[in-house]
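Novice: So Swiss-Prot has the following annotated:
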type	residues	note
ACT_SITE	GLU323	active site, proton acceptor
ACT_SITE	HIS324	active site, proton acceptor
BINDING	TYR127, GLN185, ASN208	NAD(+) binding site
BINDING	SER234, GLN256, HIS259, HIS324, ASP357, GLU411, HIS416	substrate binding site
BINDING	GLN256, HIS259, ASP357, HIS416	Zn(2+) binding site
Amino acid sequence: MQTLIWKDLTEQEKKQALTRPAISAAGNIKDAVDAIRENVVANGDKALFELSEKFDRVKLNSLEVSEQQIEEAAQRLPEELKQAIQNAKKNIEAFHLAQVPVEADVETQSGVRCQVLTRPINRVGLYIPGGSAPLFSTVLMLAIPAKIAGCKKIVLCSPPPIADAILYAANLCGVETIYQVGGAQAVVAMAFGTETVAKVDKIFGPGNAFVTEAKRQVSQAVNGAAIDMQAGPSEVLVLADENADPDFVASDLLSQAEHGADSQVILVTPSERLALETELAVERQLTTLPRSEIAQKALAHSRIFIAENLQQCVEISNEYAPEHLVVQVQNARDLLSNIDNAGSIFLGAYSPESMGDYASGTNHVLPTYGYTRTSSSLGLADFSKRMTVQELSPQGFKDLAKTVEVMAAAERLDAHKQAVSIRLAKIK
């Protein structure tokens, strides 16, 4: 990790130092996804079977997972892991139930009633990556709010063979239909529908560059599907003072660095001693990690910033706008009112990012790449939509009519004005 003294940097150097590793949909990825999209749209299930054999090296008999497969997966899963998943589910449910909106109903003036109604998105699709580290925790983060929101149809896609923990978590959370389909083809199938895979209105979940590009494409297609967010490489910024435990700080940096070679981790501290001790702790802990090679690649483009004080630390963090922000300082909550840009915040020495990733209750699907300046972590609201209602009594209409007529005339929208004038003339 490169260590930089913040006050010694020029404005241009500061901007450069906070730049994330470049991401782009390379031409070959875009072309490959184009071909997959055209194939799945044209050939439906046939294309999905062929692509599973090509990419996943699995010859499927059925795209849909059977109830028997789900039951057998639950039987194979260790009881300890089942209990852990159930406990995490309880906390995630509690946090997302607290987000159920209170519907607004207000009389803006006498005889003029305005409301906000919330309705679930009817059909949602959840994408869960497979591979060597299947993200069954993401099933909880997506399926639980979908269920609480009241989505009428919840389907899930994951590459075959689907891990037992994913099947167990999906069934536990009430996912009705699970398809053993992965990659860009799964996103396309959910967006447009096939003979077997149900078309959905919105797609949620992370994935590799091909999945990300497929989500981008279907979200821009006229008859495609909306998406939760465009995901970039994962990232964490740790803000720590001289009282922080360097072993704790190092473990938080590494827990993010092990996600991928394109991940980025940042330490911001006013303490040069802590910075040095954290670097040493990182080196020690790296030797114990099975994914140390991946973590080392991420550390190569990561940074340590030495700030003048905690206020400057917060300013640097707000400028970077991290996906995850770990605050390991004395009286960490005192800084909360000054933090403007972060996806999820972890306050205090005993709130590592891992807790939010799995079981504290908050959602781990977060904006990356600086989008926390304008975007929020995934929540219940993402699985629903708002409708506004207005209802005017004859007297309420009459009292407001002049205001609307004047405004419509000023904008030269005569039909708007006339819609009021005609009614006004008929009120006795």
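Here the Cβ of each residue, glycine as well, is placed from N, Cα and C on the backbone.
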Novice: Provide, as an integer number of angstrom, the distance between the C-alpha atoms of HIS416 (substrate binding site) and TYR127 (NAD(+) binding site).
Specialist: 45
Novice: Just to be sure I understand the packing, how many Cβ atoms besides its own are within 10 Å of the Cβ of ASN208 (NAD(+) binding site)?
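Specialist: A count of 15.
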Novice: Between ASN208 (NAD(+) binding site) and SER234 (substrate binding site), how many Å separate their Cα atoms?
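Specialist: So the Cα of SER234 (substrate binding site) lies 12 Å away from that of ASN208 (NAD(+) binding site).
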Novice: Quick one: of GLU323, ASP357, GLU411, which of the recorded positions has the smallest count of other CB atoms within 10 A?
Specialist: GLU411
Novice: With GLU411 (substrate binding site) as the reference Cα, tell me which of the recorded positions TYR127, GLN185, GLU323, HIS324 is the closest one.
Specialist: GLU323
Novice: Pick from HIS259, HIS324, HIS416: which of these recorded positions has the biggest number of other Cβ atoms within 10 Å of its Cβ?
Specialist: HIS324
Novice: Where does ASP357 (substrate binding site) sit in the DSSP three-state scheme?
Specialist: helix
Novice: With every protein chain in view, what's the tally of Cβ atoms within 10 Å of the Cβ of GLN185 (NAD(+) binding site), excluding that atom itself?
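Specialist: For GLN185 (NAD(+) binding site), the count of other Cβ atoms within 10 Å is 29.
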Novice: For a quick check of understanding: among the binding-site residues SER234, GLN256, which residue's Cβ has the most other Cβ atoms within 10 Å?
Specialist: GLN256
Novice: When you put SER234 (substrate binding site) at the centre and draw a 10 Å sphere around its Cα, which of the recorded positions TYR127, GLN185, GLU323, HIS324 have their Cα inside it?
Specialist: GLU323, HIS324
Novice: So what sits near TYR127 (NAD(+) binding site) in its own chain, CB-to-CB under 8 Å and at least six residues off in sequence?
Specialist: LEU156, CYS157, SER158, ALA186, VAL187, MET190, ILE203, PHE204, GLY205, PRO206, GLY207, VAL211
Novice: Measuring Cα to Cα, tell me the gap between HIS324 (active site, proton acceptor) and GLN256 (substrate binding site) in whole angstrom.
Specialist: 9
Novice: If you compare CA-to-CA distances from GLN185 (NAD(+) binding site) to each of the recorded positions GLN256, HIS259, GLU323, ASP357, which comes out shortest?
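Specialist: Given the candidates GLN256, HIS259, GLU323, ASP357, the nearest one is HIS259.
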